[in-house]
Amino acid sequence: MAGPPALPPPETAAAATTAAAAASSSAASPHYQEWILDTIDSLRSRKARPDLERICRMVRRRHGPEPERTRAELEKLIQQRAVLRVSYKGSISYRNAARVQPPRRGATPPAPPRAPRGGPAAAAAPPPTPAPPPPPAPVAAAAAPARAPRAAAAAAAATAPPSPGPAQPGPRAQRAAPLAAPPPAPAAPPAAAPPAGPRRAPPPAAAVAARESPLPPPPQPPAPPQQQQQPPPPPPPQQPQPPPEGGAARAGGPARPVSLREVVRYLGGSSGAGGRLTRGRVQGLLEEEAAARGRLERTRLGALALPRGDRPGRAPPAASARAARNKRAGEERVLEKEEEEEEEEDDEDDDDDVVSEGSEVPESDRPAGAQHHQLNGGERGPQTAKERAKEWSLCGPHPGQEEGRGPAAGSGTRQVFSMAALSKEGGSASSTTGPDSPSPVPLPPGKPALPGADGTPFGCPAGRKEKPADPVEWTVMDVVEYFTEAGFPEQATAFQEQEIDGKSLLLMQRTDVLTGLSIRLGPALKIYEHHIKVLQQGHFEDDDPEGFLG
């Protein structure tokens, strides 16, 4: 369009540069502007820092002007904000302002480099009257009504040189080509550009209104967290529908996130009784419900685990949870999925919350179903590793070893279930569910308790084969049982998660225990100094290392 007329008359451009230099020192010559901007862009594309010396040298080599003139024109471009001066690590370089859009505030100031480019029609109007400079300024200002006054002033200054009216859009149009913007089109994008920051896609006519009132849109994104914390009026009509058909809702149709208050309402708890709803309280209610239905069993620390029959002996917890979920459907599947996920994430964090929940609900309400399931030993499959660990940890101390030791590991205040509810084998140990049943499980006459490496007894439940005397032959569960009896039940689960058997235990270094198991420093030091180190010394003094390592 306006590009071809700019090239033929070179004397017009020369007259324009002299007139610009004489009349207004603040406006840079379009040829110089194009040369300097192209030089900066080419230097940046070659990853060379466009400092003053490089720019002057390259402009002189390509086009011939002296460095002093290039320096003066560069200063004018900096005043027009077409070039930015950047100081980085003590050295000053220059950047093309049209390429630097993100740092500008609110996405409005990219208008200055675009202003003359977006208004070729406005610049084409003044050729009949080239002499007076005032007419182009109001035309340019009218072409960009929604821009900042500084941008309008820069556009007016850029269109101020009188004679090259048609010649001005030429270099701008040529420079617009590498920027991938056709000359006639960009009249609309600058108007739509400012609202792109705060708004998604408003109509161009509402650009000014969008800039004046940016406050109403932002409160919409944080609405879901508020919906989870305090009950707004809309959810109650939707609330009764998801829980009864939880499985169907997950099978087909989009899943809607369930708030904590809806879960509490569905489980029958009083939502506003205890003040603010926390995740721990809701998890406690979920555990009550699952334990009452007999779907989950409560362990000694108050956490819930799948029944023994639903979990293979050595399968990882994720696989056992998946197998259990495949067996169930409907709301029990939803409850158990939530329970498994929350138990894996927050087992240790929410331990105190679970115990407090257990103290709120009477003890007689919960163990009835759980004891019934636990005492029917015939219904269950093989005993899992985790349950065996909990079972061993709850056995009473051996009568011969009772003196000189502190309270047993299972005698802490966190024990929620009674001892009678945790005697797992159906006919092996005779224990009643009454309140005065003896807590230590009696040993069968043919199996005396053998002291371990540190003097702790093993032989607690009937029918279980004893732990080998040599630590090399210990399985993962023997290691877990050893540390549980030694008074470190929480740390024993870390050994179980890492699947550390006797051989690995004897090879552990001090740093492995302190940093590799994700357990606290105090218990880790005690475990290493008083147990692992003692076992290693005893083993390597008794046995030869070749036989162990082989």
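Along the chain as shown, residues are numbered 1 onward.
A Cβ is built for glycine as well, from the same backbone N, Cα and C atoms used for every other residue.
The compositional bias 'Pro residues' feature in Swiss-Prot is assigned to 1-11, 125-138, 180-205, 214-245, 437-448. Per Swiss-Prot, the feature compositional bias 'Low complexity' maps to 12-30, 139-160, 170-179, 246-257. Marked as compositional bias 'Basic and acidic residues' by Swiss-Prot: 290-300. Look at Swiss-Prot and you will find 337-355 tagged as compositional bias 'Acidic residues'. Look at Swiss-Prot and you will find 24-100 tagged as domain 'SAMD1-like winged helix (WH)', backed by sequence analysis. Annotated domain 'SAM' per Swiss-Prot: 474-542, in sequence order. Residues or ranges marked as phosphothreonine in Swiss-Prot: Thr108. Under the heading phosphoserine, Swiss-Prot lists Ser163, Ser270. Among the features that Swiss-Prot reports, region 'Disordered' is placed at 1-32, 93-468.
Across all of the domain 'SAMD1-like winged helix (WH)' (24-100), the predicted model scores a mean pLDDT of 89. In the domain 'SAM' (474-542), the DSSP tally of helix, strand and coil residues is 53 helix, 0 strand, 16 coil.
Secondary structure of the domain 'SAMD1-like winged helix (WH)' (24-100), assigned with DSSP and counted as helix (H, G, I), strand (E, B) and coil, comes to 44 helix, 12 strand, 21 coil.
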